[in-house]
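Novice: Take a look at this one; I'll ask things after.
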């Protein structure tokens, strides 16, 4: 159970793997995901490592599979994903897999090439078909078609002054529909109006084999006279990427050519259909296994990449690896190694040997689907130092609670809880869908955080008695107006009083006006009171200070468990004790005053109650002569002076005394290993003979740890003094600023309540106040806008704002009391990310 509050105990272990068993052993370790490999070849280039060729082969297979996947998606075929976790293929299977993928890729490329050529030919024939049909229509529409024949003359035969006959030429083609206007203007300007253009749109879109998309085109025919204009027209057509086709001059030839084109189109369509059917069969067969192939290839690639991190023995028969692993999982790792050795058929077992080291291990916090979101919140600030207290278990409760203090609304909490509950109940189906929507995945990953935030918001909404800015009068108000009209009970109201006053104040001192507090939360009568805001502000401000001081004191208390675990008594006596005394004597005392004032003053003497703010300021100023602010209790001056003195005395303890004690300890350690002979210090180290009796592995270990040990022995009094001064000043000033920072709980709660009230009055009130016959129609329309604005502004925007402020309170105000966050995360070698499709490695 202790591991829940601290990171797992880690150890550095050495792995000795036989060359023939290394692949299978690493594969088994990847399946359990409990070891993090260290790179033992940091100075070796990645392209010069032993298994670089295998990694490249895996990358090439992965590239081919990505090509197949792209073709499958282009054909709109559903890729089958059964969630299967296939076993890692053996190294000898790589050759068969490469041959299979090579054959599949070549087959698809050949099909694509043939299909593209067929489609291009089909497109040309289709365009030619439309040209032949349209040009015939153009000629038929002419009043005198003979004028457009090459043998026709431009002049009237009856004209007396005839000259030599002129011949007209024409070209026909197809062009993109969007280019027609520009094309026509260019022809007119370049040819100076000496050409005649006719064009018509092709109704059905044509498939472009190059782009693979549908395009809209138009048929055109251009009449001109002379070779010079002909050359200009052809150059313009080429510039506009228009396709020209030969068009016979006579109707009979055009008819015969059209019949031949139609026959060829029918034949091509049949071939295209057969090609597409074959392509679909190939892709559908690949779609059933491509996801399994991906997993196998990427597992192999990950294994070879991990093997590149290992050292190779001089005999080339053994691979040596160093891994970080949890101590509690050592048995599972041993079992996985035995399983891998048996699979490989090796007779020599793999060896797992724990190593002694001074290096800082990685931080590993075991999480479940429920706690992973909260652990991510903590890790986003900084990975915890090894074995220090983990804030995540406490954040599970404090984070959604502080969020709810700012977001408290019963109605909004119900909506948030319902949305999170939907994600939680359907999580299995939603996980199986493997959505690529980054925003949805982020919300889904925090579904349990949102669920708790919604539940706590419902609770605080009940405490505030706030539901969509309205109060719920379930148990009946504890306030009554009737006794104010009863003179026997002390009431002094009359009906004339009501007529002459815009607002009246109930007097709780009158018997029967206030019968007692509401059973849960705030009395609903405050929802219609004029001084509602003043009352709620006072309540929420004091509540924010109480919650803030309690939260910070709890954080300081957690630092005690860190000092006890790491066996640092100096940090307890000159760190924890002064820190908690400083905060308790000042701000803990303020919290006690709040409760004392609530308990001690009733309705009869409340008018004489002193101001806590002025009393707290006078406490620091040692001002006790203020007659307008009476003492809260007897002996207040003496107690407050003692508290101030204790708090001030804690500062030099943290600032000066701890630094001097650290220096004295260093000097004592420095002279511990020497003896004084006549004023000369002589070391107590081993003699030369004794020094030689050191085992080889211990010597090597000592050499490895020597730099870090040397760093630990370094002591700079100036650096220590500056560091301690910074820490002391930061803590003392932080106690003040952090307490003030918790007032954001009050500020955001007020803002949320006011926004909710404005939205009700400005929107929902319009529909509810309608007195016309069709008022229900108006109410339905208004409710739609009210619902949209509630979700968009109050749930999403305000919810995100409260989330960020709660994040700040935990990262800064809470965690800086005990959490260093200077560790590095445990990143085990695992196939989990490959199975989830998050990574290729």
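Cβ atoms here come from the backbone N, Cα and C positions, even for glycine.
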Novice: Look up transmembrane segment in TrEMBL and report which of 345-364, 365-384, 445-464, 465-484 it refers to.
Specialist: 445-464
Novice: In TrEMBL, which of 246-275, 276-305, 306-335, 396-425 is labelled transmembrane segment?
Specialist: 396-425
Novice: Quick one: find which recorded stretch in 396-425, 445-464, 545-566, 572-596, 637-661 has the most Cβ pairs under 8 Å with the transmembrane segment (773-797).
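Specialist: The stretch with the most close Cβ contacts to the transmembrane segment (773-797) is 396-425.
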Novice: Taking the coiled coil (58-121) alone, what is its mean pLDDT?
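Specialist: Here the predicted model's pLDDT, averaged over the coiled coil (58-121), is 92.
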Novice: Should anything in the same chain at least six residues away from the transmembrane segment (637-661) have a Cβ under 8 Å from its Cβ atoms, list it; otherwise answer none.
Specialist: 570, 574-575, 578-579, 581-582, 585-586, 589, 619-620, 622, 624, 631, 717, 720-721, 724-725, 727-728, 731-732
